[in-house]
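Structure, as structure tokens:
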Amino acid sequence: ITINVKCTSPQQCLRPCKDRFGQHAGGKCINGKCKCYP
């Protein structure tokens, strides 16, 4: 699930993904946007 959060590294996506989808969510940075894996 791509969310509207800009990023340059996967670390920047972990917090917003966990906030939205819970503790077990992961995140990647793809094309400058965060993609979450709930």
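Don't overthink the numbers, they just go from 1 along the chain as shown.
Using the three backbone atoms N, Cα and C, a Cβ is placed for every residue, glycine included.
Feature annotation from Swiss-Prot assigns disulfide bond to C7-C29 (among others); the stated evidence is similarity to another entry. Note: C7 (disulfide bond) has non-local neighbours C13, C29, G32, K33, C34, i.e. same-chain residues 6+ apart with C-beta under 8 A of its own C-beta.
If you look up Swiss-Prot, you'll see C13-C34 (among others) marked as disulfide bond. Mapped onto three states, the DSSP output places C34 (disulfide bond) in strand.
Within the same chain, residues at least 6 positions away in sequence whose Cβ sits under 8 Å from that of C17 (disulfide bond) are I3, A25, G26, G27, C34, C36, Y37, P38. Annotation comment: Swiss-Prot describes C17-C36 (among others) as disulfide bond.
The site 'Basic residue of the functional dyad' feature in Swiss-Prot is assigned to K28; the stated evidence is similarity to another entry. Every protein chain considered, the tally of other Cβ atoms within 10 Å of the Cβ of K28 (site 'Basic residue of the functional dyad') stands at 16.
The feature site 'Aromatic residue of the functional dyad' is assigned by Swiss-Prot to Y37, with similarity to another entry given as support.
The 10 Å shell around the Cβ of C13 (disulfide bond) contains 24 further Cβ atoms across the protein chains shown.
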